[in-house]
């Protein structure tokens, strides 16, 4: 018995006990040590007996028996001969499954280079030998000789020789030197390398060299050499002399019916290798001519290449059906490869799938499960119960009963299923709410019934969607399903913290209908004692549902102790609202119910309920809302008839007016007054406006009706038109869709996105004619094509996001940092896009928040801001708060809970072990399909209107100016002379209300700190030209303004005024090239004037195209324009929107024409120009002058002599995130990416919390470039994980050494995923071959920190409930390391006796367990 226990133990070797996976190069000896024998023959199985051939690819002697515990010849059978090796056939008697583990090997007659290390760029062999790949290939494939040992000759080691050169050299020096070809030569060179010496040489070279490219190349080689030294890999192992053979059950040969066999491609590839190898051996024995041997060696090299990576070099070897054979590399890479097909995406047992239908009577935690499915899924449980209760004596009998579907089986099934949660999943699972747990209710029929409120989370509808069912088997799994995944625990969305269990469609319509009020309804003005009486009155037909009445309402309000106290008031309300109040949970205010409830209001109800009362009452309330909504939607009898689409009478006159305008424009075009482009834009504008007017008339018509009230007076009220109610409540449809039903369809777009200028004037009620229908099909088809593309693109974005963020887990409570990011309300122009409270809700404060204007602490640091504290912030009008952020978190491999803040789906501080990276990726990726794929073309008409020329304030308050320089002109107005001036309006409490950017040269009517009133225009400027503003008063003196050389004179025909236009440098005659046209201001005596407060002469250089309207010696006053520079009217710009924009931001792509930012602070000047570029110089107060070449066509925002700050805009354009990071730091780049991504989502009405985007930004900022390495393990210019540098720096600080300096680097998400520390994760993402090659050469260790690596190696992930498990494991390891225990032999025996189990004991304890399980039920 002892043996059996031992044996069973040995069978289930636990693979849990490892912490690191290391990858490296296998030495020939290692390959031989894995092997169980050499494969000598290419045969597979005997065609007569179907037994494996001896020494062949399936040999039983090498790989193990074909049948369990039976040798090949049949001499030994059964368990008792276990471990015997049969003397006849040489097969060990053991289990068949060893054929999945035992490897063989092939001794190669000639060395062969491993194609991965040769061809995977950069070629490792090439890098080591410092030879180009082309040359190495010529040696390997027998085209050239390579000198291995030059001896006393004047050849160099590693020099290539052609046939002729080799023969010449042999004639000349005989056997003084040694040159070879093929893999032997490369192997010899690699073997001869002295790695430490080579490293020394390279280090010296690195010190001496100055060229950047050379440095890069040397650093690369140095890293590779050091990797070899550290990992203990030998370079010559990249050339193989022994080839391992995969176990045969992993490349099976399967008999098909009809006597044919299906085989794995690998067998073909191995056969080729063995054939060629054997032939080569024979040729070598026969001492065949060199050329034949050489050819055979080349073929061997090619066949091994094909086995390892078919198609990497030359043409892929194809099988009998012209299809390339699948090599070892193909097995692991790509979507169908081992990683993504079998390790990251496994199929699951105990699962089923079926169509879903509605279950309107279910509770939120229930789902309807068809009896048939349940019976099949819970089979093992039913068998166990049948046996333990004595209905069946054996499993077989139980099976029979289940198949016969005896009556008792159904009773037991009901018992088994009770409180056993099951998981429902709808593909595509875009976020974690795509899998939720429910308690099953057995139902007749074959469709799964789903609760309507969870449809939003699953994105399910009932038009034929299918869902999968999974059964959690173990007790732990059931517990987790119930505690974490139950639908009742997932009320809030993890993306934004708002309820995701919200009613839609019918329910919304029902509640809206129920809470509407009506003028002069039956029984208006009644007094009712409570909602019960209201319901009674309604049921007996005394009142209508919408009648306005007075009802006594009892609300429950929490007192100081936190207990509910009733408060009763008489309230003006309607019957419907009073009835709805009956389902309200205790503690909700009636005011929330006493309104017409649309979709938003209902969502707010559930949110308030959750925040005030917690989960349980909210879930019950949500269910009640649903039942009530369905009931009253049925009562309302809303239906859509054609007469509900009321066409406004004004429609036809609006359309005819528009047609007249269009005809007029057409006439203007034909007489040449407007260009074709202008005509097109104007026509489209006219029709767009007409469409708006029709829509407005239609909505006015639809949305209100006139009724007679109790006094007999006419009164307007909201209409009870069904279509209007559906749109108004948010149940279905929108104003835009109603416009197409009853207004006019309007303008349609062509598939390329341009607008067709003839609109569809008909609507769907009138019907479209053939032409109109044809035009409208354009748009519809494009919509469908877009959707398909969008889904794929969005899925790929999600995959990249998950991959980059998967290893980010909350691993500690507080990292103790004082850093954070400053949050302010998002204000664009005159409106608040997002209030401060919405941005900081659920964050932790990084520094004490003070009451504005005092030193009083409102909120202490490290406090989590909840709704109550946000109210405090609001009431004290705080307008900026420093909150902690994931980006500034100091935790090394992960983040801390304090920096993350609130768990949005639960409403409290996030727990340790939460996988915030994956949550963030899913939250950003899930709405991806709702984003557009389009690039928006803005027509000329639209972009012309977009240029503002003044600022009109919307709120009364105080005006504030930031980064401002100005001069005051004669009229007392301010003229700006600074570039990025920001103007804000602040209210009486000091809150920012409006925020504008004001351009250079704008004229302000109010100054800093002055009061402004709403509607006042505070600034205006000319949008088409940029002035050069005089900063002093004086007389104009022209410098280098020479007619014909640098300027031309133009006279305006209409006004007769003449102006001077400065020529571009390129257009000037040679004599004028070096002249620098400028205007200097002098006083009456002709002396220079200095700009006040500086020692700079008032002299203004004029760029090309500048227009001067003054004459020489004219008098100018301060603040007047000296010249104007026309701003080139920017044509139609494409704005990348939607998904592509989000992808660009996360991939950190550089825009086409990026903005140019100042690299340092200093004074701007221009140096010598080249053909197409100008030289911009920035001279700082001290230090080196910085210079940059800028293309001439870029419009610059700075003049000569102007002061700029580091990071200021020099030329407009889209900013590059890399520049922002380099010049303005981590905070600025975070803010930029977060705001830009949010902009796209906000446009689509999708809410995502900022912190999800910050999580991704943190992952993009994981790496840094070492700038000063000192004597650390890093190389300068090396890309390293920031966390690693921080760890090293902490150590160095303790030792008192100087700290390693580094610059943060921003990587796009794909790059960042591939640059992750874990090679397993990177390999399973993209470019598998390259990643594995790199990892093997460097002998990388994978610490298995992330989720992906752990899923792949089959362990619990270190997140969620697995987080604690891994922590405990590590604690145990540490403890066992600390306490070595030595036992005496007697002790050991005693312990062994205690642990020995007899068969009786085992049976007894098993029975006991089953009984316990029974009792538990």
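Positions of Cβ are set from backbone N, Cα and C atoms, glycine also.
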Same Zn(2+) 2 site per Swiss-Prot - residue from 815, 870 joining 889, 896, 899: 815
Nearest recorded site to residue 889 (Zn(2+) 2 binding site) by CA-CA distance, among binding-site residues 71, 73, 86, 461, 463: 461
Nearest of the binding-site residues (461, 465, 815, 896, 899) to residue 89 (Zn(2+) 1 binding site) - Cα to Cα: 465
Residue 896 (Zn(2+) 2 binding site) and residue 465 (Mg(2+) binding site), distance between Cα atoms, whole Å: 40
For the binding-site residues 815, 889, 896, 899, the one whose C-beta sees the most other C-beta atoms within 10 angstroms: 899
Secondary-structure category, per DSSP, in which residue 896 (Zn(2+) 2 binding site) falls: strand
Least surrounded among the binding-site residues, given as 71, 73, 89, when other CB atoms within 10 Å are counted: 73
Residues that sit under 8 angstroms from residue 461 (Mg(2+) binding site) by C-beta distance, when 6+ apart in the chain: 455
Residues flanking the Zn(2+) 2 site, with Cβ no more than 8 Å from the Cβ centroid of 815, 889, 896, 899 and excluding those residues themselves: 812, 814, 817, 884, 886, 888, 890, 891, 895, 897, 898, 900
Residue from 71, 73, 86, 463 whose C-alpha is spatially nearest that of residue 896 (Zn(2+) 2 binding site), among the binding-site residues: 463
Cβ within 8 Å of the mean position of the Cβ atoms of 461, 463, 465: remaining residues of the chain near Mg(2+): 356, 460, 462, 464
Additional residues surrounding Zn(2+) 1, by Cβ distance to the 71, 73, 86, 89 centre under 8 Å: 72, 74, 75, 76, 88, 90, 91
Between residue 463 (Mg(2+) binding site) and residue 73 (Zn(2+) 1 binding site): CA-CA distance (Å): 61
Collapsed DSSP category at residue 461 (Mg(2+) binding site): coil
